[in-house]
Ligand SMILES: Cc1cn([C@H]2C[C@H](O)[C@@H](COP(=O)(O)OP(=O)(O)OP(=O)(O)O)O2)c(=O)[nH]c1=O
């Protein structure tokens, strides 16, 4: 990147993404939450869905911050071709947990870096996760804690649900909401971060 380094804008209302970036020493200059419709299209597959929403968030923030470097992401939990919701009710969270109990599922995050020159750099990162088979009591106890609220797939690996994870293959930070290695790679690639 030639010339002065543009400010970094995080296009996300998620405190997790801010925390994740802080872990690798990155503090965005500004946070611009976006409010886009996150409803999947009929028959939309998980990967294109995550990629589409990440780009939509990036474009929404870039429209108000055209001189900035905009980082956006969207995290989706999928069982096969099925996209699980971001749990807003206990019933939704229970349905998600019943589906992923004892079964391998995938967590994918679309990441988009929007540059002031109009370029859009994209990554799609996938992590495979297998939970132990959950007992009715474990589900009830987990629901009572409330950590599922607003989380894709009805759980947060960075909390009590980590105790259910039998197997994980790929990026852990990707499950929390932002794959740090790939994000750093994007920022290094444009010279914003030192290689
Ligand atoms: C699976 C999983 C998801 N999540 C969270 C990450 C994301 O914040 C959320 C998925 O929703 P997102 O739409 O990706 O993000 P968001 O709504 O929190 O923020 P914004 O749209 O403004 O960018 O689920 C966890 O925190 N832990 C987990 O283990």
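Every residue, even glycine, has its Cβ placed from backbone N, Cα and C.
Sequence annotations record features per position, and here TrEMBL assigns site 'Important for substrate specificity' to 16, 75, 158. Sequence annotations record features per position, and here TrEMBL assigns active site, proton acceptor to 74.
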Based on Cα distances to residue 158 (site 'Important for substrate specificity'), point out the closest of the recorded positions 16, 74, 75.
16
Per residue, counting other C-beta atoms within 10 angstroms of the C-beta, which of the recorded sites 75, 158 reaches the highest number?
75
Collapsed DSSP category at residue 16 (site 'Important for substrate specificity'):
helix
Given the recorded positions 16, 74, which one's Cβ is surrounded by the fewest other Cβ atoms within 10 Å?
16
One should report the C-alpha separation between residue 75 (site 'Important for substrate specificity') and residue 16 (site 'Important for substrate specificity'), rounded to whole angstrom, as 11
